[in-house]
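Listed in TrEMBL:
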TRANSMEM  282-300  transmembrane segment
TRANSMEM  307-325  transmembrane segment
TRANSMEM  331-349  transmembrane segment
TRANSMEM  369-386  transmembrane segment
TRANSMEM  398-416  transmembrane segment
DOMAIN    399-481  domain 'CAAX prenyl protease 2/Lysostaphin resistance protein A-like'
TRANSMEM  428-449  transmembrane segment
TRANSMEM  469-493  transmembrane segment
Amino acid sequence: MSENRRLQTALTCAGYVLVAVVVCLALGRLAAHLTATQLLDQAQQQLARVQADQPLWQWQLRKPRDLIAGRAFGNARVASDDGSLRISSNDGAPFELGLPIAWSLDLRHWPILQLQLQSSAPGKLGLVWQGSQAPACVVLVAHALTPDTNSLRIDLRDLSWTGAEQAACAKPGIAQMLRLRVLLPRGASLRIASAALLTTEPMPHPQDAAINLPQDATPRDIERVSERAQGWPMPLFRLPAGISAEAMLALRDRLRAQWPAALIVPAGTTPQAEQASSAPPTTAWFGCIVYLLALLWLALRPVQSPLRPWIEIAGCLLGPGWLIMGLNWGLRPAPLGLLAFAGGLAYALAIERRHLPRLWRWPEAGSHWLWPLAMLPLAMGLVLVFGHTLHPLPAGHVIAYFAWAWLQQWLMLVVLQHRFEQIVHRPAWAIVPVAIVFALLHTPNGTLMQLCLLSELGWAWCFLRSRSVLPIALAHALCALLVEAALAGGPLLRSLEVSARFYL
């Protein structure tokens, strides 16, 4: 290799490294900004509900999935019934209905349980609650059920709670579990529409119960805060400045374990009571339909101009980007988001329909299988330093993820990289925007975005050499499954969740 060639190669590698460092830093800042904005929005919405005397914890029970495990615990059938749930007893034995809890409940300051329900026959309603480090506490009869009763209001403080071996329980406090225990005759049913926890005490102004957490807050700092804010129902915590998205969420989780109703906001901010603002459903559906019709038109009549690669890239990414980068994928993806996501993928298939064999093209050389696997030792190194005990993954999940990795890499490398090569001055630099897009499709998970950027830079470079997706999809799946089994949930990587699911 000539001296000029070596110098050019060294400069190219240095350029890639510089771009990777700069983009990684930018992705971390982006994730932190999005997380700070999300925490402030959540606090403002929570404050608005409290000031409007609305419950902080409420459950709309319309479908079986609105219950823990999607069923009753016991011999009872659960079915949807005109905007509510109907639970029918099969044998007359007690059954329990678990209410889903995002993090924990403050039953000490929100002790009033309000239920909209009606039974078809006389029965009994009991309750079960449990904290994180204590046995469950039970009340076998909290209230009688009668056919003419359609709502109940129960003060949890007035009940006599018992634990294991009929030992007395303390008054309700911080709970990680809350269940309704129902006793009805065989064949009778309970129709329940909603449940909510209410408070009877006034909430202090957030500024009167505010605590600024110190930089690099330790568990001991949290303990000192606990002593100061022990009796506050809804303290305001300002997080330290300049911390990562993962650090913000770790502190949030630690604080919510003791103050489930706490207002947790970024440094230097104070929440104002503001309801969530979102576009009307009709507007969102109209936009989605316009997007899908535009994709159909572009698939049938491709634009013949230098802008064509840009238009095709935008068409493929707008739907998935709206779902993921727009934080529109929460606990369950909305049908509108899934439709837009599927529309983008369908458009990618349509514009590549004449080149689908590229999806399963076999590499020409054996070394083309090995280069993408270079990321696997790096993933193993991260596991050794930051990982935990290997968690086995279900076989069905493993197989499905191989297919999902194959589809992702086809979209990134065959569909997008080919078009970026038509745009950039040097085709070899097309791997940079491809890697950035791949990282952004994992927004707002900061660490995961950075790992995806670095991995895709390597895999896109391998694709330049082999033009085969198969070995890269294999390497992607192996690395991702290893990270999921042994790195996610550890000190480096909070989870593999993306979009609004990252904040759960």
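Each residue, glycine too, has its Cβ placed from N, Cα and C.
All TrEMBL annotations are machine predictions without curation.
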Please spell out the DSSP helix, strand and coil residue counts for the domain 'CAAX prenyl protease 2/Lysostaphin resistance protein A-like' (399-481).
72 helix, 0 strand, 11 coil
So which of 282-300, 369-386, 398-416, 428-449, 469-493 has the most C-beta pairs under 8 Å when paired with the transmembrane segment (331-349)?
282-300
Would you say the transmembrane segment (282-300) and the transmembrane segment (369-386) are touching, if the rule is that at least three C-beta pairs must lie under 8 angstroms and be 6 or more residues apart?
no
Other parts of the chain folded back onto the transmembrane segment (307-325), taken as Cβ under 8 Å at six or more residues beyond its ends:
291, 294-295, 298, 333, 337-338, 340-345, 347-348, 351, 411, 415-416, 419-420, 422-423, 437, 440-443, 498-499
Taking a Cβ cut-off under 8 Å, which residues six or more beyond the ends of the transmembrane segment (428-449) line up next to it in the same chain?
12, 16, 19, 23, 27-28, 30-32, 34-35, 38, 244-246, 317, 320-321, 324-325, 327, 408, 412-413, 416-417, 420-421, 456-457, 460-461, 463-464, 492-499, 502
